[in-house]
Amino acid sequence: MESVGVWQGLALSGIFSWIVITSYFNVTKKIRSLLQPCVAHHVVTGTSIILKIQKHQHKFWDALFSGLSCVVSVPFYTAFLPLLFWSGHGKLARQMTLLMAFCDYLGNCIKDVVSAPRPSCPPVRRITATKDEEENAMEYGLPSSHTLNTVCLSGYLLYYVLSYTKCEDACVKLAAVAFAFLLVCLIGFGRIYVGMHSLIDIIGGLAIGLVILVTWLTVHEYVDGFIVTGQNVTSFWAALSFLLLFAYPTPELSTPSFEYHTAFNGVAFGIVAGIQQTYHQFHHEAVPRIFTSELAIPAFVGRVLVGIPTILIVKFCSKALAKWILPVVSNTLGIPIKSTSYIPMLNGSATGKKSSEIKQSSYTRKILFFSRQDLFDVDTGIRFLQYAGLAWSVVDLVPSLFSYLRL
């Protein structure tokens, strides 16, 4: 027990020390000054490649690559992962959720540290078929999140399927690897075709994704073991989630990246807290799995029809509860707050600044050198609790309903 507490304390202390050091020495700006000019140069010179590719534009290619971008987007994974939990493949689901959160955090950190531009539009033709794509276009370019996430998640899914099925057929393995490789290539090429990324962004996404995937395959068993059987898991993860909000770098200009990180940070905490409480009830390795007699397709469809509305209700209630509780707690503790979107009555204190700009500015200074002149944006806490509540319902509340309804 003491050794567990020691390494957890050292880990949290290390992150806190990193926050202090990077803030004091302005590490983000120094790294940006080194990397941004080089990356920006490659983005400009790579415009000719994009224009050559877009000369072959066609409605079919527009639809294909826009569709592929949606299939590997964060909203898709957010909708897909609950189904994976309810299918009985709990280990795969929690590993992919945590890997997704890690990819989202690291990828967006690098985006905002480098603050490299996307291809200029015009002359590049940019296709944003969905609102999600329009928001993605507001982020910085390097690395390509779609490429990075596809490398990591398709790679881990491939590893899990081959391990789970214990496939020994070399032809099947080769076909599976070829399919994953083809998907990554199509996603990377598609991001260039739709004008969202330059070649340097795709290469960066591939390289960083491979590093993350190899690292995750090395440590995933230890991470999973800690979550399901470890000590102080929920309290440790709560402290880790809190520190990661402050460890996020400040971009050159405001972007939605911090909001995405906050949401997935909340999802990771909700999943870990829920799994820790209900692993032996709903998420152990002997639970019924889809395509077996214990969990037939009709029963799984019933789970989806019950589960999806439930988690949406919990998400709404979590947001409403957080909007009520956080201002009360902040006022009680004497913490000055503002809200840039969720609580209209607090909007006036935002002094006309943009949402992400306020949320991401001077977080370290605020936590270390508290001043009554500083106003904390309560939207970050609301978003975190909202998604934490949604994730908790996926692995705790909804499986309890399944048990009650015998699904």
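Just so it is clear, glycine is given a Cβ too, placed from its N, Cα and C backbone atoms.
Those TrEMBL annotations? Automatic predictions, nothing curated.
Summarising the annotation, TrEMBL assigns transmembrane segment to 6-27 (among others).
Positions annotated as transmembrane segment by TrEMBL: 60-86 (among others).
The domain 'Phosphatidic acid phosphatase type 2/haloperoxidase' annotation in TrEMBL covers 93-217.
Within the same chain, residues 69, 72-74, 77, 91-92, 95-96, 99-100, 103-104, 107, 173, 176-177, 180, 183-184, 187-188, 191, 197, 201-202, 205-206, 208-210, 212-213, 216-217, 220 sit at least 6 positions outside the transmembrane segment (146-162) and bring their C-beta atoms closer than 8 Å to a C-beta of that stretch. Per TrEMBL, the feature transmembrane segment maps to 146-162 (among others).
Within the chain carrying the transmembrane segment (174-193), a Cβ under 8 angstroms from the stretch's Cβ atoms is held by residues 49-50, 53-54, 57, 61, 64-65, 68-69, 72, 144, 146-147, 150-151, 154-155, 158, 161-162, 199, 201-202, 205-206, all 6 or more beyond its ends. According to TrEMBL, the feature transmembrane segment maps to 174-193 (among others).
The transmembrane segment feature in TrEMBL is assigned to 199-219 (among others). Among residues of the same chain six or more beyond the transmembrane segment (199-219), those with a C-beta under 8 A of the stretch's C-beta atoms are 39, 42-43, 46, 49, 99, 102-103, 106-107, 110, 116, 118, 141-152, 155-156, 159, 184, 188, 191-192.
The annotation transmembrane segment is assigned in TrEMBL to 226-248 (among others).
Taken from TrEMBL, the feature transmembrane segment applies to 295-314 (among others).
Packing against the transmembrane segment (295-314) from elsewhere in the chain are residues 82-83, 86-88, 288-289, 389-390, 392-394, 397-398, 401-402, 405, 407: each is 6 or more residues past its ends and has a CB under 8 Å from a CB in it.
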